[in-house]
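Positions annotated as transmembrane segment by TrEMBL: 25-42, 49-72, 92-114, 156-172, 178-198, 210-232, 238-256, 268-290.
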Amino acid sequence: MLVLFLALLLKKIRILHQKDGALTSKMVVYLTLPATILIGVNHTKLSNIFFILMFMGLFSNLLLVFLGKFIGRKATVEERGLYMFDLSGYNIGNFSIPFVSSFFPAAIPFLAMFDMGNSLMVTGTTQAIVELSSGRKKHGFILQEIFGVLFRNPPFVVYIFMFILAIFGLSFPDEWLIPIRPLANANTLLSIFTIGLFMEFRLPKGKLKLVLKILTWRYLLAFILASLVYFFLPFPAIIKEILLLIFFCPMSFLHMIQAIELGNDKALAGLTISLSMFISLILMSIIVIIL
């Protein structure tokens, strides 16, 4: 929390600006996050639970996209699209992995598997569903474009690479990874600092009710999914705890960009995801304390 408020303070007194977040974000995506995943996933032994988590990452997104369509059925095309984007999608790479690795480093392989399914949705599949639903087809479901986005994403490439190694029972000797440990150690601090730089609290006129409805539905559905997993699924305790944290993590940055492309106001999309990051940080901290 201290790092987050430091970023907000430095932005407030104009030492840093929101645009500086683009640089720190690239450092996270291209350096510190891949290093964290590489170290965290190394020596992973694949089991059925990994494939279940991958499926859950995909299925939970699909479920929430169509629930968003139903909840926003009486709204305008743009607002219905915002429901579909903002009720689904998880910011795992830039938020959940840095957060969870601070408390449960052994959880990174499980987060990675869920995020592989999640990534297939947030990189373009959800956008295709929203566009087809709205009748404003700009991109559609173009598999080549979706995989193009995925394989230009360094964390996803590391996921795939380490997944292939795990299939063959291979891993890197720990000594080989010593040079990148400083990068991995910096990931949490740099990620949270970047989130602080990106946070924006400017409310578009007349949109407060919409923002509150979206946030209420997102966290209500997160609570329902978390309850179903925690009380009814026969998973080990650590898997349940990880899924609880995932369900309460913030909205996807990619979905914010896609919502703007659909015609939503930048300030509206930015405020919604900023509040989501702030709320998620508090709720995930509470979950860690309780569990």
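Note: Cβ is positioned from N, Cα and C throughout, glycine not excepted.
In summary, the transmembrane segment (268-290) lies against the transmembrane segment (210-232): three or more C-beta pairs, each 6 or more positions apart in sequence, are under 8 Å. Touching of the transmembrane segment (238-256) and the transmembrane segment (92-114) is concluded from the presence of at least three CB pairs under 8 A, sequence neighbours closer than 6 excluded. Across the candidate stretches 49-72, 92-114, 178-198, the maximum count of CB pairs under 8 A to the transmembrane segment (156-172) is reached by 92-114.
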